[in-house]
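Visitor: Here it is: the structure, laid out below.
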Amino acid sequence: MAEFPSKVSTRTSSPAQGAGASASALRPDLGFVRSSFGVLMLLQLVLGLLVWALIADTPYHLYPAYGWVMFVAVFLWLVTIIFFTIYLFQLHMKLYMVPWPLVFMIFNVTATVLYVTAFITCSAAVNQTSLKGSRQYNQHSAASFFACLVMIAYGVSTFFSFQAWRGVGSNAATSQMAGGYA
């Protein structure tokens, strides 16, 4: 400490005008879209859209079973869009106080269970609500098929999100760098 220089030169600088605006801009993370979580979420969005669009094109309001299927399909489709947006724009990194792996796992478990009930309900109601070979029968059958595929997609997402929550196959450094998705 005795040799500390008597004169210390310091310089101050201010950030450039545009630097603050570009730092806060939301930029999509294309790595997420290429990850297994991103691909599964896109698959869930497309197949979920097919489920509710096929049923919405029929007089589903006459049959209470299809009301339940519509509720499950539309609700989970909207929530999946919200989660996809959160992960695409890396908002989960800004909201670090939320345990995202746990929230995502609980969502996927719930979505899987709800789609199991929707698939069974939709499949059981096909023969009772329409004539075999008619347009309505074909749409309800296709909606049942796509509901099964969405159910499987949410089941696979549940498995992957459970592994991410448990930290299987990664350490703290790689999970932080990867943004929490594989």
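Glycine is treated like the rest: Cβ placed from N, Cα and C.
Keep in mind that TrEMBL annotations are predicted by a computer and have not been checked by a curator.
Small disclaimer: the values here were computed from a predicted structure and weren't measured.
Straight out of TrEMBL:
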- 1-22: region 'Disordered' (REGION)
- 13-22: compositional bias 'Low complexity' (COMPBIAS)
- 32-166: domain 'MARVEL' (DOMAIN)
- 37-55: transmembrane segment (TRANSMEM)
- 67-89: transmembrane segment (TRANSMEM)
- 101-121: transmembrane segment (TRANSMEM)
- 141-162: transmembrane segment (TRANSMEM)
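Tell me what's around each of these sites.
Guide: Residue counts for the domain 'MARVEL' (32-166) under DSSP (helix as H, G, I; strand as E, B; rest coil) come to 118 helix, 0 strand, 17 coil.
Sequence-distant contacts of the transmembrane segment (37-55), counting only residues of its own chain at least 6 positions beyond either end whose CB sits under 8 Å from a CB of the stretch, comprise 66, 69-70, 73-74, 76-77, 80-81, 83-84, 87-88, 118, 122, 139-140, 142-143, 146-147, 149-150, 153-154, 156-157, 160-161, 164, 181-182.
Residues 51, 65, 68-69, 72-73, 76, 79-80, 83, 144, 147-148, 150-151, 154-155, 157-158, 161-162, 164-165, 180 of the same chain lie 6 or more positions beyond the ends of the transmembrane segment (101-121) yet place their CB under 8 Å from a CB of it.
Beyond its flanks by at least six residues, the transmembrane segment (141-162) meets 36-37, 40-41, 43-44, 47-48, 50-51, 54-55, 69, 73, 76, 101, 104-105, 108-109, 111-112, 115-116, 118-119, 122-123, 126, 182 of its own chain at Cβ-Cβ distances under 8 Å.
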Visitor: Do any residues, 6 or more residues outside the transmembrane segment (67-89), come within under 8 Å Cβ-to-Cβ of it, and if so which ones?
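Guide: 26-29, 32-33, 37-38, 41-42, 44-45, 48-49, 51-52, 55-56, 60-61, 95, 104, 107, 111, 114-115, 117-118, 121-122, 143, 147, 150, 154, 179, 181.
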